[in-house]
Structures are given as structure tokens and as C-alpha cells.
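Q: Heads up, here are the entries from Swiss-Prot:
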{"type": "BINDING", "residues": "66, 95, 114, 115, 116, 117, 118, 119", "note": "S-adenosyl-L-methionine binding site"}
């Protein structure tokens, strides 16, 4: 299984981080994932957010939307999925409060869900960067993840 390459991954996130503790948590994991890029896009209607996501996405990026109806994976399953995509560029997209526009969902390569629970998008961003770090350590055989 190939190692995770954070420089090939971009998180496209609707909205800014407003809570300092969330921003600190995201920064903590980003330091451990050199090259991981986070692009913040303006809150709007789902249709306008979809336009902004399409404009921000690079042509060669696989479009992965985080969505409540997406596929749920274990941390090991996510690591395996990301390891299989190690040579590809990824755009992991966190939508706004009203979710993703249906047309964007149709264009997505994959829909993933962090949980059956609903989270504020700020918290989803923190959980996503932590899971990316966890996936990286799983693929490297590091001690962070305990099965």
C-alpha cells in the first residue's frame, strides 16, 4: 500500500473557522501533514457554493465530497482508500450548513461520510484533518492508531 502524500490533497471547505480551539486543532494536525492545503470558500447558497467549489477544484483532482449520505469507512478503511489513491490528486470537500448542491453530488467521484451523526462544518474539518493524519500513520505503520 502506498503512503499518503498530503501535498496531493486539498481540503476545500465552505466557511471560515470561527472558534479558536478548532483552528488550533486543525493547525496541530496540519503541521504533521506537510503540504496539505486548505482552501476556504465563502458561505452562500448550495448552488453558489457548488460554483465556488467547481472554480477552486483543479482539473486533475478526484472530487470527494463529505456528505451525510456518503459511504462510511473505518479509519483503516479510509487509510486503505487513500493509499490506493496515493498517486492521484484529491479535493476533499466540506460543504456548508445546507449541504452540497445535488448537481455537485452527481459530479463527485465519491461521497464519504464521517459519521451518521451531524456535525458543524468546523468540527468536520478538524475531524477530517485528524483522520488524514491517522490514515498517514496507519499507512506508515506508526503507533498513533490503535486497533
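One-based numbering along the chain as shown.
Note: Cβ is positioned from N, Cα and C throughout, glycine not excepted.
Since this is a predicted model, take the numbers as computed values, not measurements.
Let's see these features in context: how buried, what's close, how far.
A: Of all Cβ atoms in the shown protein chains, 7 besides its own fall within 10 Å of the Cβ of residue 117 (S-adenosyl-L-methionine binding site).
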Q: Compile a sequence-ordered list of residues in the same chain as residue 118 (S-adenosyl-L-methionine binding site), six or more apart from it, whose Cβ lies below 8 A from its Cβ; state 'none' when nothing qualifies.
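A: When sequence neighbours closer than 6 are ignored, residue 118 (S-adenosyl-L-methionine binding site) has 68 within Cβ distance under 8 Å.
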Q: May I ask you to report the DSSP-based helix, strand or coil state of residue 66 (S-adenosyl-L-methionine binding site)?
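A: Where residue 66 (S-adenosyl-L-methionine binding site) sits, the three-state DSSP reduction gives strand.
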